[in-house]
């Protein structure tokens with residue numbers, strides 16, 4: 001077999017969805033472009049609302065701001081290349097660019113997980129320790145937690161990329177995926193990938209299950225605290241404040257846990273089904289999350305309506321002025 005190392009291999013080929021017929025390329029690229037456009041507009045709207053409304057300068061909305069920034073970066077890292085794969089029939093990606101994409105995919109995934117941890121912490125303190133909430137979760141503390149999440153998430157993905165970049169790669173340069181990730185790249189190495197796969201898997205489990213364990217603990221504690229509230233209306237109000245974040249957390253964790261569980265109990269999927277599931281849990285939440293904020297979070301909804309009315313009233317005034325003249 002012809003063996004090529006990374007000094008000779010100059011590019012990888014992203015297959016996208018392997019079983020997709022060419023007649024559907026245009027439709028798939030249009031759908032992916034629509035998802036990307038909605039993700040950008042929706043999350044940019046959240047950032048704009050936060051920047052222009054001081055009423056949103058609260059710990060909970062600062063966490064949402066971080067999540068919106070992370071979602072925009074993740075979608076921009078993954079979607080443009082796979083869109084060009086089907087739109088312009090351009091599935092090739094340079095060797096170095098693939099590893100850069102791999103780094104940002106795992107880095108931003110880690111940041112996202114830690115941000116969801118902060119969401120659960122916010123609701124846990126607000127409901128279980130309401131009198132101490134404003135003293136513990138101050139703006140400065142949330143800023144420190146957020147900066148910490150963005151910084152500590154760098155180390156392991158960077159180490160994984162450095163170790164994978166130095167591997168010798170065999171003749172095949174075809175990645176059966178929509179973007180470059182650690183498994184998709186390292187399976188192409190013409191060496192035993194176990195010493196590289198195990199640390200990456202352990203890191204993924206720590207990043208995924210660590211925050212998830214606290215999230216489960218926090219919401220169990222919240223349910224116990226809510227159950228102790230005598231007033232039924234008070235119970236419903238307390239639960240409603242958690243509903244938005246619980247939906248967001250479920251969208252992120254449930255599909256991932258299903259995929260990991262299926263792999264461990266022997267449930268197998270075809271390459272196309274596996275990639276569809278991965279793309280759904282990777283790209284659907286960044287598009288849906290801002291819609292959930294604006295529909296469920298009262299302050300966010302009111303800020304959006306205020307901005308809409310502010311722009312609608314001047315237009316009506318202009319129309320009325322033209323009619324009178």
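Every residue gets a Cβ built from N, Cα and C, even glycine.
Per TrEMBL, the range carrying the annotation transmembrane segment out of 175-200, 201-226 is 201-226. Here the transmembrane segment (142-162) has long-range neighbours at 59, 62-63, 66, 99, 102-103, 106-107, 110-111, 114-115, 117-118, 121, 182, 196, 199-200, 203, 207, meaning same-chain residues at least 6 beyond its ends whose C-beta is under 8 angstroms from one of its own.
Recorded stretches compared: 24-50, 103-121, 275-295; the one with the most Cβ pairs under 8 Å to the transmembrane segment (201-226) is 103-121.
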